[in-house]
Amino acid sequence: MANLDVYPEIPSSSHERSRLLDGSEDDVFVEHHSEQVVGRRRGPSTYAVIGTGSTPGRGSSPVPHSNGDGVSGQAGPSKPEARKALAGNWRKRMSYYVPVTSWIPGYSWSFLSGDFFAGLTVACILIPQSVSYGTSLAKLDPTAGLFSASIPGIFYAMLGSSRQLNVGPEAALSLLVGQAITDVMRNNHEDAEDILTVGYKVATAITLQSGLFSFLLGFFRLGFIDVILSRALLSGFVAAVGVVILIEQLIPMLGLVALEKIQQPETTMDKLFFLIEHVPDLHGPTAIVSFAALGALVALKYFKGLFKSGLIRGIPEVLIVVIVSTYLSERFSWDKDGVDILGPVSVNVGPSLLGFPLSAENRKYLTQTTSTAILASVMGFLDSIVSAKQNATKFQYTISPNRELVALGVANLAGSFVPGALPAAGSITKSRISGDVGARTQMASLVCSGFVLLATFFLLPWLYYLPKGVLASIVCLVLIFLLAETPESLEYYWRMRAWIDLALMLLTFALTIGWSVEVGVAVSIVISLLLVIHRSSKARLMILGRIPGTDKWRPISEDPEAMEDSASGTLIVRVRENLDFANTAQLKERLRRLELYGHARSHPSDEPRRPQATVLIFHMADVETVDASAVQLFYELVETYKNRGVGVFMTHLRIGPYKMFERGGIVELIGHHSFYSNVATAVAQVQSGEAHST
């Protein structure tokens, strides 16, 4: 076993890393020296001393500072100090895992007016939207959307790290629930009068599983999933969902609901052809009311955009249209003209308000809704994290994706105790409004949830005459602004010649429209993950050449001055990233192509353009970590070259990877003398004939 006399600190700055890549005087390396392997750094630096013949944590420890008399200059903390430090550490952990314990005790009353007005403003938008999502998309009653807009928001405010995020029902998630209810009804052949009861149970099962899945993702620290899913995928999905919902909402806006129940079109394409076929059969008064409401919403939205004042931008145009249309509907008895209205809505109170989500009646729908719940969880998190990051950047604070997952998970788990509550997620639009109006803490979410609860119990009777076509127009307003981004995305990917991204976007759109939302998202996510795996499985390798007149070595593909000495049979390869099981598996083939063709993109059927190497030198400065599987694969690679009689040497190898190579037998395979501090030294030794690899 080699003696590791010094363990250098790993450089983190870009300046130090550039010295590593150049092979300059401050390299961190492992080299053969006096029958033992030592790690050293030239130049001024700090060393963590390790006892000879031992490794950290096994029989040795860093030596504390001494005062020169053999007595440590730093006394241990007293018991009161230790308890105080422990309590402070516990409070820090609590403020991280339960943020409400941090912002409530230190809440500044100067924030209250902004938080209150932001919560009230968002509630005025959220209440009619939630009613629309619950009735028009989820095919349930208004309370399904309203409870989803209130209960989860309370729990998110306690556990979430975003101060402006508004959590409630979203159009895409509500659509998923509605489609799941339709599928369950179709497969189970339930009686038509039981559809609401079945819908409540299905929605509860989806919300429960969605919350559980989000919680587990956060608990196991998988919050990075938002960065591995392509933006092209999300753009295609958003556009497709917008079209799907638009087609769904045109049916009630044209007064064709009764005819739809008779013909029962199932897929999005079926509904599209249904609309085209039955446009002449539309109900005139319903269509006039619906499109007049949509026109008023768009006009008010445009009018607000002309002003920069946050007060004017916070005017809830949705609430204005709901109040006016409800008043006009009652005043002129639109229901007697055939306009479909919301009608009576009852809210259960007392013990019947809550229910156990894992009751026997709900459990039978769990397996049928698991895939929908997983998709709802992923989609909800993606929307939430985009909004949370936008606000965190704008207001200069940090968020934790893992904490967001846990908060969303707990919020939906809590929501599932209210029968029929829809899965909740963060809203980009409403969260932006909340921040613009004045929200500075999670108190705004609590205020919003409080107003939504008040509306649920006391204001629903006032919406008796609200036309359902107006609810559909509210949903369409959201879609108009979602779909407005699609041409920009298409133009961007076309301009960037990002053909793979463009194809992924169009594929997601086509699958979602042609089959279903679940199929579109599932297939696109799988393709996106496969692309990530494909790209990460290719270890980046570059052939190095010498800059004439110097001891510096650069990639010949990047620096035209770098000259490779291929005539001597020496191949110098720089490994540009950490080694793991994914990228090491193809290392052998990529090295073979570099050796024979000069780059890794050549086709295997091409004729070799270079002689086979007799000496292979690895530049390993970029390799900071190596996993066990990579060591095993790298051993097989080195063994193959050794069997061919090729000398294998390594330079710039850090202590961590060296230890892994030592445990994996690679050091023994090529010998301690095959490790050098830099490329120049290794090449000089090879050319002088002093270097040898056993």
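Note that Cβ sites are derived from N, Cα and C of the backbone, with glycine treated the same way.
Since the structure is predicted, the reported quantities are computational estimates derived from the model, not experimental observations.
The feature transmembrane segment, as given by TrEMBL for the ranges 92-112, 113-133, 155-175, 365-385, sits at 365-385. Checking TrEMBL for transmembrane segment across the ranges 198-220, 520-542 points to 198-220. Long-range contacts of the transmembrane segment (282-303) within the same chain: residues 252-256, 315, 317-318, 320-321, 324-325, 329, 334, 337-340, 467, 469-470, 472-474, 476-477, 480, each at least 6 residues beyond the stretch ends and with a Cβ under 8 Å from a Cβ of the stretch. Beyond its flanks by at least six residues, the transmembrane segment (232-251) meets 136-137, 171-172, 175, 257, 260, 268, 271-272, 274-275, 379, 382, 472-473, 475-476, 479, 482-483, 485-486, 489, 493, 498, 501-502, 504-513, 517, 520-521, 524-525, 527-528 of its own chain at Cβ-Cβ distances under 8 Å. Counting same-chain residues at least six beyond the ends of the transmembrane segment (365-385), those with a Cβ under 8 angstroms from any Cβ of the stretch are 162, 165, 167, 170, 172-173, 176-177, 179-180, 183-184, 187, 201-202, 205-211, 213-214, 217, 223, 225-226, 229, 234, 237, 401, 404-405, 408, 423-428, 517-518, 521-522, 525. Across the candidate stretches 198-220, 443-464, 498-515, the maximum count of CB pairs under 8 A to the transmembrane segment (405-422) is reached by 198-220. Under 8 Å from some Cβ of the transmembrane segment (498-515) lie the Cβ atoms of residues 230-233, 235-237, 239-241, 243-244, 267-269, 489-490, 521, 523-524, 527-528, 531, all in the same chain and six or more residues away from its ends. Regional average pLDDT for the domain 'STAS' (569-686) in the model is 86.
For the domain 'STAS' (569-686), the number of residues in each DSSP class (helix H, G, I; strand E, B; coil) is 56 helix, 20 strand, 42 coil.
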